[in-house]
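These features come from TrEMBL:
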- B:6-25: transmembrane segment (TRANSMEM)
- B:61-83: transmembrane segment (TRANSMEM)
- B:103-126: transmembrane segment (TRANSMEM)
- B:133-153: transmembrane segment (TRANSMEM)
- B:165-188: transmembrane segment (TRANSMEM)
- B:221-239: transmembrane segment (TRANSMEM)
- B:245-263: transmembrane segment (TRANSMEM)
- B:275-299: transmembrane segment (TRANSMEM)
C-alpha cells in the first residue's frame, strides 16, 4: 500500500517536474512545479516526517503563488497562446543531465549504504524542535540571519527608488 | 485521542461538512435576502441546469483545478478537526495541516481568476494573493499562540489543554485575529474584496453553471471549516455540561458560524491594500505581543 | 519502499532540475530548475534521516535548511530579475552575461 503510494507519487513528482519545461503556459508551468512539490511533501509524510511534509506543502503553495505573479510579470507570452521555446544549449543540457542521472543512479545502487542506526522517534517533530533549540541552535540562528539579510537585500535590489527619492505623489521632492 | 477511527467517519465527514455549509448558506440567504431555508437549494438547482458560458481561449484545465480544489481543501482541512473528542485523521500536526489546506484557497482563486481569460476575474485573483500575504502572518501567529499555550500542534490536545479556561478568554488578541483571518481565508464579507461588486463579481465573475455551484459551495465549506477550527483552538473544544461532546462541538461551531455570517451583512468590504497596511502595522505586532505574553505565562 | 528508491527519485528530480537550469534562457525558468534541484535535496535528506540515522535529528535539520534556502533563493532571484529588468529591460541569462565576475 505504502510502496504503491510511493511509486505513484514518485512518477507524478518527476513527471510534473519535467512538465514544467515542456508546457507553453507560464501559469501551467508554475502549477506543474507546485504539483511536484506537493508530491514530495506527501512522500515526506510517508517517511513519518509529518511536520516537515506538511510544512513543505504549506510553504510551497504560498511560494508558488508568489512565483506565479512574477512569472506572469516577466515572461513574454505568459499565457502560452503562441508556442515558442526559449532554450539554449539544448542538446548539451539533455546530455549532461542524463549523464548526471546515470552517474547518480549507479552510485545509489552500487554504494553499500550504512546500516540503520537508532529508531524513529515517536514524535519526529519534537526531536527536530529539541535539536534546533539545543545542539543545533547555531543552524537556526544562521538561518534567521540569512532570512533577515535576504529580506533587506531583496528590497534594496528590487526597489526603484533610492534612499532620498520620494514617491511621485508627495510634495517634498517628487522623483 | 483514539488511534484508529472507524471507516464510516470518512464517509460521514463530507456529509457533516456539507450539512453545516448548507446551513451557513441558508443563514446567509435568510439574513441578506429574506429567502427561506430552501433558498440555497433553489440556487443550486438553477446553477446545475444553467448552460455554461466560456470565454475565448480559456484555460479550462486550470479553471477546473482551481474550482475543484476549494471543496477538496475544505474536506481535507476538516479531516483533522475533532468533532467531539476524535478527528477522522489523527495527524498530530493538525494545526499546520489546517493552515496548509486553507492556503490552498489562494491557489484556487488565482487559478480560477487566471484561467477564464477575462480581466476582472484576473484582478480578483491577484487581490486574493495580496490579501493572503496580508492576513497569513497574523493568522499563523494566532495559530502558533494557541499551539504554544497547549504545547502541542494537535487539535485534540489543544482542546484538552483548555479544561480550566478557554483560550479565547486569556488570548483575546489571538482569537480576534483568528476570527478576522477566518473571514479572509473564505474571502467572506469584509474580506470579500477579491469577489467584490466593483469587479462585477471578481474572481467568480465568469464562472457559470456547475462550476459556479462548486466554487461557492467550496467557499461555504471553507467558512464552515474556519468556524469549526475555532472551537478546539479557542473555545474549549467539546467540553461542556450535560450534552455529549459532539453536540457541544456542533453548538459552538454554529455559534461562530452565525457570527461570521452575520458580519457579512453588517460591515462594508475592506480594500485589500488598506487591510495590508493595517495587517502589517497593527495585527502582526499585536499578535507577536500576544504570543510573547502567552510564552511568558507558559514558562512561569 | 527503500533508501534506494527514494534516492532514485531524488536523482531523477535533480537531473530534471539540472536540465532546466542549464537549458532555459529566461532567468525565472532557470530558477524553477534550481528549485527542482533543491526539491531533490528534500527527498534525499528525508530518506537519509529515515533509513540511516533516525536516532538523531540531523537529517531533519538539513531538510529544514533546504526549505529555507528554497525560499531565500526565490526571493533573491526575483529581486535580481527586477533590478535587471529596471536597469536594461532584459530577463534572459544570455543578455546578462557581463554579470559574471
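Using the three backbone atoms N, Cα and C, a Cβ is placed for every residue, glycine included.
Just so you know, TrEMBL annotations never went through curation; they're auto-generated.
Nonlocal intrachain contacts for the transmembrane segment (B:61-83), taken as residues 6+ away from its ends with a CB within less than 8 angstroms of a stretch CB, comprise 13-14, 16-17, 21, 89, 91, 94, 97-98, 101-102, 104-105, 107-116, 155-156, 159, 207, 211, 214-215, 217-219, 221-222, 224-225, 228-229, 231-232, 237-238, 246, 249-250.
The recorded stretches the transmembrane segment (B:245-263) and the transmembrane segment (B:165-188) share 3+ CB pairs below 8 A when only pairs 6 or more apart in sequence are counted, and are therefore in contact. Recorded stretches compared: B:133-153, B:165-188, B:221-239, B:275-299; the one with the most Cβ pairs under 8 Å to the transmembrane segment (B:6-25) is B:221-239.
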